[in-house]
Structures are given as C-alpha cells and as structure tokens.
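Heads up, the thing below is written out as structure tokens.
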Amino acid sequence: MLNNSRLCIIWLFGLISGFNLMITGNTLNYWLAKEDIALQTIGILSFITLPYSINFLLAPIFDAVQIKYLNKIFGHRLSWICLTSSALIFLIYIFSFLDPSTNLLLFAFTALIISFFSAAQDTILSALRTEIVPKESLGFTSGIYIFGYRVGMLLAGSGAIYLSIYLTFNEIYKIFAGLVFIYLILLIVGIKYCDLNENIHIQIIKNDIKNNQNKKNIINFIYNALKPIGSVYFIILILIFLVLYRLPDNLINVMINPFLLHLEYDAFEIASVGKFCGVVGAIIGGLVGGVIMKHKNILNSIFLFGIIHALGHILFIFLEINGKNSLLLFITIGIASITGGMTMTAYIAFISALCQGKFRATQYSFLSSMMGISRSIFPIISGYMVVNFGWQNFFLFTTIITIPSLLILLKIKTKLQ
C-alpha cells in the first residue's frame, strides 16, 4: 500500500511531465497559430516532439550510467533529473528571446533541443515511478499520475494562453524557465523526504549490463529487455496498437488551436473553455478511469473507453457546422476531455502492466515511445489534411481511425488469455 507522500511524488511526476510537454507542444502550437504560420507548417512542426518517440534509446543509459559527483549527493535517478532540469532551465530562457516570424528555423531547432531534454526527463521520472509502484496499484496510481499530468498541462497551456492577453510569449517562456527551477527544488525535497531506495536496484541493473556479453549494443540490449513481455509478433501487435490508439487525439491536438482561431474564438475563450475546461474534464476523466479500473480489468477498460472517446470526436463536426458557439464548445471539449482522460489513464496503466523484470525503464520507455511516434510523426500530415479535405472530413477521419486500434486490442486480449 502506497502512503500519501509517495502518492504526492507520483502526482508531481505527472505535473512535471505534462508541463514540459506543453512547452514544446500545444502552447508552442498556439504561439505559431497566433503568428499566422501556415497550417501545413504547423503540422510539420509537430516533429518537434520527436524526441519523445526515441527516448527509449536513452533509457539504458539512464539505467546504467552514473553521474559521478551528483550521484554521491542526490542518488542515481535524482542526479539525472538535476542534470536534465538544469539544461531545460537554460534552454527555455534562451528560447524566450526567439521569434518564429523572423527566424522559424532557429526557433524550431531550439524547441527540438528543449524537447529532447524534456523527453529525457520524462523517461527518468517514468522509470522511477514504475520502481516505486506495486503492480496491483498501477491502475489507481495511473489516475493520480494523469491528474498531475493534466494540472501541468493546465499551467503551461491554459495559463499561458490566458497570460498571452497581457504578456508576450517571450515573457511567458521566461516564466516557464523559473517554474522548471521550482519543480526541480520540489522534486529534490520530495524524493529525499520519501527516502526512495533505488541504488540497490540500479546497481543490479548496472552489473547485469556490464557482465552480459549478449548486450554489446543498444539493439541487443533492447531486444533482451523486451523478452519478458512476449514474442516478437506479440510485441509488434502491441506497438501498432499503441500508435493507433492515440493517433486520433494527436491529430486533433495539432490542429485544435488553428481550428478554434478559425472559428474566431479569442484568447480568453480558448484559455477558459477550450483549455481550462478541457484539462479539468481530462482530470475528472483520469480519476474516473482510475476508479473504474479498480473494479474492471485494464484491457476491458481501454476498449470501452476507446469506443466512448471516438464517438465524442463527432461533436467537433457539429461545432464546425454551427460556427462559433460557446455552449457547444463547452459541451464538445468537456465530453472529449473527460473520455480522453479515461483513455489516457487506461493507456498508461496498460503500458505499466506490461513492464516486468529488471529492465522496466527500458521497457516502459520503448513502449511509451509509440505514444511519441503517434504524437510527433503522423500528425505532420494534419495540416495538409485540413487544407485539402476540410475540417469536417478531418474530424470524421479521427473518429473512424479508432476502429483498427480496437480490433488489434481484441487480438492482444486473445493472446493474453
């Protein structure tokens, strides 16, 4: 049974991950849309979050390599957290002086580097979370983690857009740099207070990597790390499912800011209804999903939540047909966010449940990287889809594309039984 202090730490992990993601994700996307950057370009720039797709390549390093001096002071995981946080603080502050309308290439490159360190930190936090949470508590703690994740998104998303009424985005990103510093202090204090004993576990992993001659390169290491999960065919099925299940949301997320600006909503309406209510709904959905999964197994939950969430996407079509309508926007965002929070909770719990053995960090990072591929690579075409087929067909596609992922899930369920 987890005590309250550890639950708070798990919540803080989620908050930091959600906050960091928004810095180079939706908030950056809104900044670009406000600068009237072309839809096709905005879609292409979703690649900025690409490091989240390949962070599993870094997981073996975080598992095995110690930062000599910091490790003595903070311990293995926390020393890596300190290093990545320091890099983020510096880079975000530098980024706050750039302008996408005058030098888009430098702007995008710097954002990509920030995304790299954000993804690296996300990998470390996820590994630490899987180490301190018993398997039987994964469903409930996933809800706590997603709660924190959504609060982080709220701060860096809705909060930033609301502040853009009064401040420039350059000023807002300076504030972001300061908040990342505060989060680092909270993490150091929280982890030290909880006295998380990770060093024995890490030393076992380090020795195993060093002594096992089959793990001479990264590919062999990942292959051996994934063996406890199942056969190659089974893992491929899981990877395809993980990409497709999150694809509808990720396509919409890249285009939601241009869509709301297209309907002529202002910054306050987008921040309050489009973002704040959306994040609150996602938090509620995450908590509801966590509670449901305490009484219903993860596979059945993720299937049910996926169907409900897909139907919610149809409301965006009605919003496009009706035009600017605050009540309909509230209903659409509310339903999409609550059901989205439920699916995300089940999704994280599903990945966590698959991880087993000594190399959970590598397993979790590799599997969760599929969420990154779904978020970074495929949405590149979203702008072209809207320009060539229109908003209504775009949202119809996001509803239909859910079906293949659910069919694959049924196949996975059969394999597990």
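The chain as shown is numbered from 1 upward.
Note: Cβ is positioned from N, Cα and C throughout, glycine not excepted.
Per Swiss-Prot, the feature transmembrane segment maps to 7-27 (among others); the stated evidence is sequence analysis.
Remote same-chain residues near the transmembrane segment (42-62) are listed as 21, 24-25, 28-29, 32-33, 77, 80, 108, 111-112, 115-116, 118-120, 122-124, 127, 209, 218, 221-222, 225, 250, 254-255, 258, 361-362, 364-373, 375-377, 379-384 (criterion: CB distance under 8 Å, separation of at least six residues from the stretch ends). According to Swiss-Prot, the transmembrane segment annotation covers 42-62 (among others), on the basis of sequence analysis.
Annotation comment: Swiss-Prot describes 78-98 (among others) as transmembrane segment, evidence class sequence analysis.
If you look up Swiss-Prot, you'll see 104-124 (among others) marked as transmembrane segment.
According to Swiss-Prot, the transmembrane segment annotation covers 143-163 (among others), on the basis of sequence analysis.
Per Swiss-Prot, the feature transmembrane segment maps to 171-191 (among others); the stated evidence is sequence analysis.
Residues or ranges marked as transmembrane segment by Swiss-Prot: 225-245 (among others).
Look at Swiss-Prot and you will find 273-293 (among others) tagged as transmembrane segment, backed by sequence analysis. Non-local neighbours of the transmembrane segment (273-293) in the same chain are 139-144, 146-147, 149-151, 153-154, 157-158, 161-162, 256, 260, 265, 301, 305, 326, 329-330, 333-346, 349; each lies 6+ residues outside the stretch with a CB under 8 Å from one of its CB atoms.
If you look up Swiss-Prot, you'll see 301-321 (among others) marked as transmembrane segment, on the strength of sequence analysis.
Here the transmembrane segment (328-348) has long-range neighbours at 139, 142-143, 145-146, 149-150, 242, 245-246, 249, 260, 265, 269, 273-274, 277-290, 292-293, 298, 301-302, 305-306, 308-309, 312-313, 315-316, 318-319, 322, 371, meaning same-chain residues at least 6 beyond its ends whose C-beta is under 8 angstroms from one of its own. Positions annotated as transmembrane segment by Swiss-Prot, on the basis of sequence analysis: 328-348 (among others).
According to Swiss-Prot, the feature transmembrane segment maps to 366-386 (among others).
Per Swiss-Prot, transmembrane segment is recorded for 389-409 (among others), and the stated evidence type is sequence analysis. Using a Cβ-Cβ cut-off under 8 Å and counting only residues 6 or more beyond its ends in the same chain, the transmembrane segment (389-409) has close neighbours at 237, 240-241, 244-245, 247-249, 251-252, 255, 259, 262, 299, 302-303, 306-307, 309-311, 313-314, 316-317, 320-321, 382.
A contact between the transmembrane segment (225-245) and the transmembrane segment (7-27) is absent, since fewer than 3 of their C-beta pairs, 6 or more residues apart, lie under 8 Å. Counting Cβ pairs under 8 Å to the transmembrane segment (171-191), the top-ranked stretch among 7-27, 78-98, 104-124, 301-321 is 78-98.
Stretch with the largest number of CB pairs closer than 8 A to the transmembrane segment (143-163), among 7-27, 78-98, 301-321: 7-27.
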